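**Student:** Just dropping this structure here.
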Amino acid sequence: MDIIFVCTGNTCRSPMAEALFKSIAEREGLNVNVRSAGVFASPNGKATPHAVEALFEKHIALNHVSSPLTEELMESADLVLAMTHQHKQIIASQFGRYRDKVFTLKEYVTGSHGDVLDPFGGSIDIYKQTRDELEELLRQLAKQLKKDRR
């Protein structure tokens with residue numbers, strides 16, 4: 001299964017989700033290909049220093065280069081998980097024919113319509129809060145994918 005996590009600039013939430021989920025999926029024995037992109041990302045940007053630090057505390061390296069969301073990525077994905085409802089709307093307007101595989105992360109995992117906190121410009125504590133929120137959601141995602149695999 002190919003999963004893409006999407007946020008705005010692909011420097012905070014979606015790369016954190018990608019790195020966290022790769023770690024969780026490996027521990028859980030899930031066969032997934034995980035990537036991330038941004039709806040307004042510039043190519044080849046770096047993850048924010050606070051995002052790197054927040055994951056380093058969990059012993060997860062964040063060696064990331066930002067990538068814009070493209071037609072090619074959308075076509076190859078089985079599941080596209082946006083960080084906010086607004087991201088989902090932008091994706092639907094730009095890539096309408098793929099809308100059936102686009103959800104917010106919270107919508108897909110919990111059925112709720114909430115957004116993942118945007119830490120951009122915030123303190124390291126805000127990044128840790130976002131990391132912890134993502135980690136909990138991604139553990140639930142792994143459980144759901146394992147259950148669906150049966």
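Heads up, the Cβ atoms here are built off N, Cα and C, so glycines get one too.
Okay, so Swiss-Prot annotates it like this:
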ACT_SITE  C7  active site, nucleophile
ACT_SITE  R13  active site
ACT_SITE  D118  active site, proton donor/acceptor
BINDING   T8, G9, N10, T11, C12, R13  substrate binding site
SITE      T11  site 'Important for substrate discrimination'
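Mind running through what each feature is packed against?
**Tutor:** For C7 (active site, nucleophile), the same-chain residues that are 6 or more apart in sequence and have a Cβ closer than 8 Å to its Cβ are R13, S14, S36, G38, V39, A82, M83, T84, H87, V116, D118.
Secondary structure from DSSP puts D118 (active site, proton donor/acceptor) in coil.
Residues within less than 8 Å, Cβ to Cβ, of G9 (substrate binding site) and separated from it by at least 6 positions along the same chain comprise G38, F40, A41, S42, G45, S66, F120.
Listed in sequence order, the residues of the same chain lying 6 or more apart from T11 (substrate binding site) and placing their CB within less than 8 Å of its CB are G38, A41, G45, K46, A47, T48, A51, H64, S66, F120.
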**Student:** What three-state secondary structure does DSSP assign to R13 (active site)?
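**Tutor:** Looking at the DSSP assignment, R13 (active site) belongs to a helix.
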**Student:** Using the CB centroid of T8, G9, N10, T11, C12, R13 as the substrate site centre, which other residues of the same chain sit with their CB within 8 A?
**Tutor:** C7, S14, P15, G38, A41, T48, S66, F120
**Student:** Tell me the coarse DSSP state (helix, strand, coil) of T8 (substrate binding site).
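**Tutor:** Once the DSSP labels are grouped into three classes, T8 (substrate binding site) ends up as coil.
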**Student:** Please identify which of T8, N10, C12, R13, D118 has the densest Cβ environment, defined as other Cβ atoms within 10 Å, among these recorded positions.
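**Tutor:** In terms of Cβ crowding, the pick is R13.
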